[in-house]
Structures are given as C-alpha cells and as structure tokens.
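Peer 1: Got a structure for you, questions after.
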Amino acid sequence: MADFDDRVSDEEKVRIAAKFITHAPPGEFNEVFNDVRLLLNNDNLLREGAAHAFAQYNMDQFTPVKIEGYEDQVLITEHGDLGNSRFLDPRNKISFKFDHLRKEASDPQPEEADGGLKSWRESCDSALRAYVKDHYSNGFCTVYAKTIDGQQTIIACIESHQFQPKNFWNGRWRSEWKFTITPPTAQVVGVLKIQVHYYEDGNVQLVSHKDVQDSLTVSNEAQTAKEFIKIIENAENEYQTAISENYQTMSDTTFKALRRQLPVTRTKIDWNKILSYKIGKEMQNA
C-alpha cells in the first residue's frame, strides 16, 4: 500500500474514487462510498475532492427527496440545480438546500421559476402525476418550465425504484421528456433508462437506454398536456415490453447456451455438501 501511495497522487486517487461513486448502482451509493472511504483512508480528501461526484450521482439518478412540511417528493436533477447546493421544487414553488451525502433537504424558501409558463407547467405536471400514479407503484415526477436558447420549453422527469438489498437486487427507472411550446406542432424528445443490479451468488447488471422522438400538436395547455402524456405512455409501454421480451429471449437462448450441461450421471453436484461425497472425503483425508 505504501508503494501505491508513493506512485499515485492525491488528485489521481480522488479521480478514481469519484469514478467509482458516480457509477454506483441504484440504491447502493452508501455501500460504494464506504468501500471507497476505506480504500482512500482520507476523509477530508474524499469529501473535498469528490463532492462533485456526490452531486453528479444524485442528479444523474433523479434522486427523490422529501422536504419537511410538504407532501410531494421532488427529484434532484440538473434542471432544478440553482447552484450552491440549492434546488428548485417547481410544484411547491420553493427552493431548498440539499445535502448530497446525507440526501436530506433543508432551508426551504419561496421561489418562482416557471419563466412565465405557469399554466403550461401546471397542466403538464397534473397530467404527468396522474400517469405516474397509475403506472408506477413507487414513482415520482417533477416538471420544469424554462426558456432555453429563446425557446419556451417543458421538461418532465420521471423516477421509480425498487430497492431490495435483503433479496440482493436493486433497480431504478428514469425517463426525461422535453418539448418546446411552438404551435402548431412541436418535437418531443425523450430518453428512457433502466438500471438493475443483481448480486446474489454473482454480479449481474442490466443497463439499458432508449432515445425517443415524436411530434406533438400544440394547442391549449390542457389538450397539449393530454397528448404529451399519451406520447410518454405509448413510448414507455413499448420500451418496457421490448425489454421484457428481449430478456426472455436471452434467457431461452443466450443464457441457456452458457449453462454447463449435466454430467453423465444426470445428477447435479451439491457443492455446499461436497464433503459428504466420496471425493470430498478423499480430499479431506489427503
């Protein structure tokens, strides 16, 4: 370890640590952080040098957070980043301080940031909330209204996760949808992401994403929001169905081809009871 410390600079150590952290599977940030902390063995260096990695991880993962005094959770995303660790909750019209390590919100303050698009944002938010409630058992969403390069833009973010560490798996769904308010038609751009980690007696990850483009008729706020959600629903249903079908095909073909055939005896070896077999006893005596 001494030779390693001599050869690798603190800057390089932090870069490696940050890489591990930003690639932590969903629901396993704390485990990865604690392992990296032990390897680096320098808390001050880790906290100061890798702080950007904590923030990047939470924004990339659309981490949901509950703000005390408010019912709905809000997503931590780059679209709500106000700087200095403050984030926007457009639904509740507040900003708040977010601790990227503890994943806790504090100091809520009034904040108006809909770019004069209040009715558009609220219509899309209301429709998206209903959709997420119907389709995701543990889903959250946040809708932003911003002016980007002179274009009035609606951005919708969806997150849903299932963390089952006792059963050795964790998974997260993320999707992001955008359209500009440019009558009579607008282009809808979406990106869908799935990440699942299974680690019982092995280490398997499913990482998948899909880019989507569609067109949207822009009329009044309510009707446009309805059509926007319909596009989201169709694309996400199609993607999830394709993932399921592809996974089944892989299970029936690719994974099956990797399995070791049964021995001539047509009997599987119970490796947990190997000592009870004759070969096990012979090895033990040897």
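Even glycines carry a Cβ here, placed using N, Cα and C.
Found this in Swiss-Prot, in case it helps:
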type    : residues : note
MOD_RES : A2       : N-acetylalanine
MOD_RES : S9       : phosphoserine
MOD_RES : K19      : N6-acetyllysine
MOD_RES : K97      : N6-acetyllysine
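Where in this structure would I find these features, and how exposed are they?
Peer 2: S9 (phosphoserine) is surrounded by 10 other CB atoms, counting those within 10 A of its CB over all protein chains shown. Secondary structure at S9 (phosphoserine), taken from DSSP and collapsed to helix, strand or coil, is coil.
K19 (N6-acetyllysine): 12 other CB atoms within 10 A of its CB, across all protein chains. DSSP assigns K19 (N6-acetyllysine) to a helix in the three-state reduction.
DSSP classifies K97 (N6-acetyllysine) as strand under the three-state reduction. Remark: K97 (N6-acetyllysine) has S85, R86, A105, S106, D107 as non-local neighbours, by Cβ distance under 8 Å and separation of at least 6 in sequence.
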Peer 1: Reported as an integer number of Å, what is the Cα distance between K19 (N6-acetyllysine) and S9 (phosphoserine)?
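Peer 2: With distance taken Cα to Cα, S9 (phosphoserine) is 16 Å from K19 (N6-acetyllysine).
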